[in-house]
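TrEMBL lists 117-231 with the feature domain 'Phosphatidic acid phosphatase type 2/haloperoxidase'. According to TrEMBL, the feature transmembrane segment maps to 83-103, 115-133, 154-177, 183-204, 216-234, 246-264, 276-298, 318-336, 373-394.
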Amino acid sequence: MAELLRSLQDSELVARFQRRCGLFPAPDEGPRENGADPAERAARVPGVEHFPAANGGGALAKGLRGAAAPQAFVQKYIVKNYFYYYLFRFSAALGQEVFYITFLPFTHWNIDPYLSRRLIIIWVLVMYIGQVAKDILKWPRPSSPPVVKLEKRVIAEYGMPSTHAMASTAIAFTLLISTMDRYQYPFVLGLVMAVVFSTLVCLSRLYTGMHTVLDVLGGVLITAFLIALTYPAWTLIDCLDSASPLFPVCVIIVPFFLCYNYPVSDYYSPTRADTTTIMAAGAGVTIGCWINHFFHLVSKPAESLPVIQNIPPLTTDLLVLVLTKFTVGIVLILLVRQLVQNLSLQVLYSWFKVVTRNKEARRRLEIEVPYKFVTYTSVGICATTFVPMLHRFLGLP
């Protein structure tokens, strides 16, 4: 078993996958740069700074838990198959923040608030466990060389498990399970789409050099276990917005406590900030749904709606309506996000006597967690309560 785990964690396995897909490290040519093949020079793309994984030694556990020292250098690579390059770069984006801040609100405003709320709650649960597991296990990302690394922002995070794999699997299969008894469509088609979506995101983590095979498999298996474990309680989760008036207090206190007491990393990485953003957004959405129920801002609970026999056809009028509602909602969310972020930072800077616009100060625990939490809790409330109110005010059904 140890030998199998070691082989799945081997960076060479990731490097071979990259080579098969036409992604190669640029040779260290030095003075020969001008004599390189013009086609290869044109295809060479600047890489990113990264932190090489530490070399473990001896036992498997020691090698997997080795912490990387921040040593940055610029890496270049050669693309020989642009189909795989753009396919997997696009697939990687499906597991990133830009996808979730568009897809989840879009689902709430234009498809089904019931589905959106369930997706967000499961997504928050899966992501929190995945993020915390990274900083507890402290398994390094693939070594470079031999692996080519294409992303910069999350390079300082640990590898196991892949939260991209966890999030994509959670979203795809929660959506499938939640819609198969609510909408009429071929189940096989939905299953294929869920498998394709999660598989593309998982393979993109290998192609971009950010995870080993074991990281990706671990993320998928952990998510499958969490879905199976929580599925019996999904109906109870759907009724949370009808809880007591003290419910919002718990929704704020518990996630904030978990974020503030996040495991300490060996060096700064965006993991804690990302986790706070996710937890706060989930808390905001939950509170927003509670506000809608408590103040009767919705005429009928979404979960009580009958099964929709057919998905409505996409017409020009429907497309214009959908895009208008989405644009109005995103603009309001961005305005609220910017306003609350600026106000919360000003208050925290003043309270802790920090120089304004000090970017390093934002990384301090007592500043980063509160401002992120307040900002994205406000965004979640805005998305679920105030945006639908604005839609109704503008006559957008």
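The backbone N, Cα and C atoms fix where each Cβ goes, glycine too.
These numbers come from a predicted model, not from an experiment.
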Same-chain residues at least 6 beyond the ends of the transmembrane segment (183-204) with CB under 8 Å of its CB atoms are 87-89, 91-92, 94-95, 162, 164-165, 167-169, 171-173, 175-176, 216, 219-220, 307-311
The domain 'Phosphatidic acid phosphatase type 2/haloperoxidase' (117-231): mean pLDDT? 88
With the greatest number of Cβ pairs under 8 Å to the transmembrane segment (276-298), the stretch among 83-103, 318-336, 373-394 is 373-394
The domain 'Phosphatidic acid phosphatase type 2/haloperoxidase' (117-231): DSSP-derived helix, strand, coil residue counts: 78 helix, 1 strand, 36 coil
